[in-house]
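What Swiss-Prot says about this protein:
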DISULFID  C32-C67  disulfide bond
DISULFID  C42-C56  disulfide bond
DOMAIN    29-75  domain 'CHCH'
MOTIF     32-42  motif 'Cx9C motif'
MOTIF     56-67  motif 'Cx10C motif'
Amino acid sequence: MLGAECPKPCKGKWPTPPFDPRFPNQNQTRNCYQNFLDYHRCIKTMNRRGKSTQPCEYYFRVYHSLCPISWVQRWKEQIKDGTFAGKI
């Protein structure tokens, strides 16, 4: 399983996330949140199927590039406490 803080290839060059046609506007708040959800859904699904979580790394990199650290920390605390509003 990829670590919640940093997957295996944490070091190195992280390119800017590519354009996502679902979020064409300059404000990338929704893009950040959606990639956070997609990452956690991907991890959950891959673990359930007993497969490698390596494909989930893309979502991890995107949300870590777009989201403020304080948001990510708060969302992780909410997931841990069972109060996160998103559907994972």
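Placement of Cβ uses the backbone N, Cα and C atoms for every residue, glycine included.
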C56 (disulfide bond) - helix vs strand vs coil (DSSP): helix
C56 (disulfide bond): tally of other CB atoms within 10 A of its CB: 22
Mean predicted confidence [pLDDT] for the domain 'CHCH' (29-75): 96
C32 (disulfide bond) and C42 (disulfide bond), distance between Cα atoms, whole Å: 15
Residue counts (helix, strand, coil, in that order) that DSSP gives for the motif 'Cx9C motif' (32-42): 11 helix, 0 strand, 0 coil
Number of other Cβ atoms within 10 Å of the Cβ of C32 (disulfide bond) across all protein chains: 21
Length of the line joining the Cα atoms of C56 (disulfide bond) and C67 (disulfide bond), in Å: 17
Cβ neighbours of C42 (disulfide bond) where a neighbour is any other Cβ within 10 Å: 19
Mapped DSSP class for C67 (disulfide bond), helix or strand or coil: coil
Under 8 Å by Cβ from C67 (disulfide bond), counting only residues of that chain that are 6 or more apart: C32, Y33, N35, F36
